[in-house]
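Student: Have a look at this one before I ask anything.
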Amino acid sequence: MPLNDTTMDRRGLVVERDFSFRILTACFLSLLILSTLLGNTLVCAAVIRFRHLRSKVTNFFVISLAVSDLLVAVLVMPWKAVAEIAGFWPFGSFCNIWVAFDIMCSTASILNLCVISVDRYWAISSPFRYERKMTPKAAFILISVAWTLSVLISFIPVQLNWHKARPLSSPDGNVSSQDETMDNCDSSLSRTYAISSSLISFYIPVAIMIVTYTRIYRIAQKQIRRISALERAAVHAKNCQNTTGNGANVECSQPESSFKMSFKRETKVLKTLSVIMGVFVCCWLPFFILNCMVPFCESDLPSGETKPFCIDSITFDVFVWFGWANSSLNPIIYAFNADFRKAFSTLLGCYRLCPTANNAIETVSINNNGAVFSSHHEPRGSISKDCNLVYLIPQAVTSRDPKKEEGGGSKPLEKTSPALSVILDYEVDLSLEKINPITQNGQHKT
């Protein structure tokens, strides 16, 4: 009798722990789904509400990304969350449609991230050509290609059952029934489909993103060093003017603070790009590694032998959710620039989200020969908001000839733009969006 009581107590403890685990899982997954819904809905609502956000072509790609992530939160995550909490798949034959939605929405999200990286690299490396070529029509074509490719590798193979591996076999050698398969909604991918879909959905896009963001960093690094050179020239000229006021010839030293500021800016750009790539890779890479490994698992081997490439379902599901979690982080990474922050604060009714900074901004003016003729600090509020940025393109300091660029020449002209004023904001958030190029008269192109 005491033995039976002990056994019942242990079973009750196991049931209680299992129930507690399910409750914690439900709370965590609910928060993840709600945060994904809220963030991406805010992005869509901001663009619908504020016309100036729709006027920027680069925001079209952010909207497409938000829509794909919103579909992940509506069509994919809730159904899997219910199955995780219930311990089985309660939606029957909806499994195949859900698998197609999962592949389509996740692929669309990743491809939109890839398109954004290409768009920002093109905008930063060739701003004049970007201004002419990247029209709303061109943006819609790129977005349509991303979504069409996502549909083609999801619904067509799934509906034709090209994605499935061989039917699962039970221990007695019989093929598992349809009901047993539907209880789990386990889509055992074939080796061919797993590798080909992973290449299109992840490996090729991530390779493109690595190349584009690496080149963006190199361009930004060159630009920051050019700005630092202008700073040093401005401070040097100011120091010399102050020290030679009495007519004496005094040697003027170059300040070390400018070198430190240059390093600080380069580090900030590197951190920004590292966050963009790091979050994406950390979320999706583990899943796609497992996605290519699992089809090679030999589950028919005897229990005593080792089974390489075999992963338990819990581990696989954890990394699936890691990938979907990227959809909740994308609005924070890609839509939290100044324009979107102001729109969010207006929509939410909390205007203190975007406090106005009071740090000083240095204005450096350069004459036609490249000599610095004025350098002074002004409060941030006295500078137009259109100028309150850090240029991340070489053309912001040295002008280019659009005709030369169109013909294939990419070398900047030696002379600087006449009366060009460069705004050097020390604390502004770095943005990798399109920056309006500067024309030959030193004004921003409208």
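Residue 1 is the first one shown; counting continues down the chain.
Keep in mind that glycine also has a Cβ here, set from the backbone N, Cα and C atoms.
As listed in Swiss-Prot for this protein:
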type     : residues     : note
DISULFID : Cys95-Cys185 : disulfide bond
CARBOHYD : Asn4         : N-linked glycosylation site
LIPID    : Cys350       : S-palmitoyl cysteine
LIPID    : Cys354       : S-palmitoyl cysteine
TOPO_DOM : 1-22         : topological domain 'Extracellular'
TOPO_DOM : 49-59        : topological domain 'Cytoplasmic'
TOPO_DOM : 87-95        : topological domain 'Extracellular'
TOPO_DOM : 119-137      : topological domain 'Cytoplasmic'
TOPO_DOM : 163-191      : topological domain 'Extracellular'
TOPO_DOM : 218-271      : topological domain 'Cytoplasmic'
TOPO_DOM : 299-315      : topological domain 'Extracellular'
TOPO_DOM : 341-446      : topological domain 'Cytoplasmic'
TRANSMEM : 23-48        : transmembrane segment
TRANSMEM : 60-86        : transmembrane segment
TRANSMEM : 96-118       : transmembrane segment
TRANSMEM : 138-162      : transmembrane segment
TRANSMEM : 192-217      : transmembrane segment
TRANSMEM : 272-298      : transmembrane segment
TRANSMEM : 316-340      : transmembrane segment
Student: For Cys95 (disulfide bond), which of the three DSSP-derived states applies: helix, strand, or coil?
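Tutor: SS state of Cys95 (disulfide bond) = helix.
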Student: Mean pLDDT for the topological domain 'Extracellular' (299-315), as a whole number?
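Tutor: Across the residues of the topological domain 'Extracellular' (299-315) the model's pLDDT averages 69 on the 0 to 100 scale.
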Student: When only pairs 6 or more apart in sequence are counted, do the transmembrane segment (316-340) and the transmembrane segment (23-48) reach 3 or more Cβ pairs under 8 Å?
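Tutor: Contact between the transmembrane segment (316-340) and the transmembrane segment (23-48): present.
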Student: Can you count helix, strand and coil residues in the topological domain 'Cytoplasmic' (49-59) using DSSP?
Tutor: 7 helix, 0 strand, 4 coil
Student: Looking only at the topological domain 'Cytoplasmic' (119-137), what are its DSSP counts of helix, strand and coil residues?
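Tutor: Here the numbers are 16 helix, 0 strand, 3 coil.
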Student: Grab the same-chain neighbours of the topological domain 'Cytoplasmic' (49-59) for me: Cβ-Cβ under 8 Å, and only residues 6 or more beyond its ends, written as numbers and ranges.
Tutor: 119-120, 123, 134-136, 138-139, 339-340, 343, 346-347, 433-434
Student: Sequence-remote contacts (6 or more beyond its ends) of the transmembrane segment (138-162), Cβ cut-off under 8 Å?
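Tutor: That would be 57, 60-61, 64, 68, 96, 99-105, 107-108, 111-112, 114-115, 119, 190, 193, 196-197, 200-201.
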Student: Just counting, how many other CB atoms are there within 10 A of the CB of Cys350 (S-palmitoyl cysteine)?
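Tutor: Around Cys350 (S-palmitoyl cysteine), other Cβ atoms within 10 Å: 10.
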Student: Taking the Cα atoms as reference points, how far is Cys95 (disulfide bond) from Cys350 (S-palmitoyl cysteine) in Å?
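Tutor: Between the Cα atoms of Cys95 (disulfide bond) and Cys350 (S-palmitoyl cysteine), the distance comes to 42 Å.
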Student: Suppose we draw a 10 Å sphere around the Cβ of Cys185 (disulfide bond). How many other Cβ atoms does it contain, all chains included?
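Tutor: Taking every protein chain into account, the count is 20.
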Student: Counting every protein chain present, what is the number of Cβ atoms, excluding its own, within 10 Å of the Cβ of Cys95 (disulfide bond)?
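Tutor: Taking all protein chains shown, Cys95 (disulfide bond) has 20 Cβ neighbours within 10 Å.
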Student: Give the distance between the Cα atoms of Cys185 (disulfide bond) and Cys350 (S-palmitoyl cysteine), rounded to the nearest whole Å.
Tutor: 43
